[in-house]
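Chemist: Please find one structure pasted underneath; my questions will follow.
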Amino acid sequence: MNTEATHDQNEALTTGARLRNAREQLGLSQQAVAERLCLKVSTVRDIEEDKAPADLASTFLRGYIRSYARLVHIPEEELLPGLEKQAPLRAAKVAPMQSFSLGKRRKKRDGWLMTFTWLVLFVVIGLSGAWWWQDHKAQQEEITTMADQSSAELSSNSEQGQSVPLNTSTTTDPATTSTPPASVDTTATNTQTPAVTAPAPAVDPQQNAVVSPSQANVDTAATPVPTAATTPDGAAPLPTDQAGVTTPAADPNALVMNFTADCWLEVTDATGKKLFSGMQRKDGNLNLTGQAPYKLKIGAPAAVQIQYQGKPVDLSRFIRTNQVARLTLNAEQSPAQ
């Protein structure tokens, strides 16, 4: 009778109350139980008050209760009904398995992104190449146009400057064509004269001399005079080394150009006169003289070396950009575009 009453009384008590009564019968404090079970005092207090901490999993709570029961000598089978109420097992949340189709979809999206990136890159490269080609083509067309203009100007000048026949049929004075056989005074030959003018040789009255415009501008002082045809036999020749003829001084504004390859160029002086316009071949030299400043247009700057006032002209900026050089050489030799 007493055993059944005790059993019914134990069933009426909760798990926490039974553990607390057993602890008190053994004379243990909550601190002692907590130290033996390596738990916090607050956890032991919650177990005795039948509280389930929210931050503690039910599996751990059931294990703590079993350890507490073994410590106070209470069979675990008697506590199982109370454990189901105090610490019920919670169903674990199972994360849904990721399907492989999601990875394939992401790979497909990444593939489209890479394709679009490469497409944009190819478009940028194509536009850059097209821009460079158009610029290069425009430069070539400009050079061709300047060469055509130069050819047209040269052809028009050649049409206007056709050969002009000079009528030399007029009879010349015998006194000018022949010299009497008189002795030449040596004292007269030692006298320096500013210029020596020789009579023109006798020509056939029926023969016409043809002189082009470019030959008409040649300085007659630089042309050698045939004195043998006008000096009779026995006459002493004039000493040309004592004639007092001096060579002209070099022009300080002279423009010297040496060509390492074929190159088209145009040179204009301050008066607007074109000193040269046309094509120069490889290994050619060009010496120009005019009124400074000079305006130059050079189709291939890398193919020409320019010296102005004895100093080289820097064309590196035009060579780097590979474009037609347009520059002005002033008296201070500072090329400006």
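Placement of Cβ uses the backbone N, Cα and C atoms for every residue, glycine included.
Since we're looking at a predicted model, the values are computed, not measured.
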Chemist: Of 30-49, 50-69, 70-89, 290-309, which range does Swiss-Prot call DNA-binding region?
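Modeler: Swiss-Prot lists DNA-binding region for residues 30-49.
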Chemist: Where does the mean pLDDT land for the topological domain 'Cytoplasmic' (1-111)?
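Modeler: Across the residues of the topological domain 'Cytoplasmic' (1-111) the model's pLDDT averages 76 on the 0 to 100 scale.
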Chemist: Based on DSSP, tally up the residues of the DNA-binding region (30-49) by helix, strand and coil.
Modeler: 16 helix, 0 strand, 4 coil
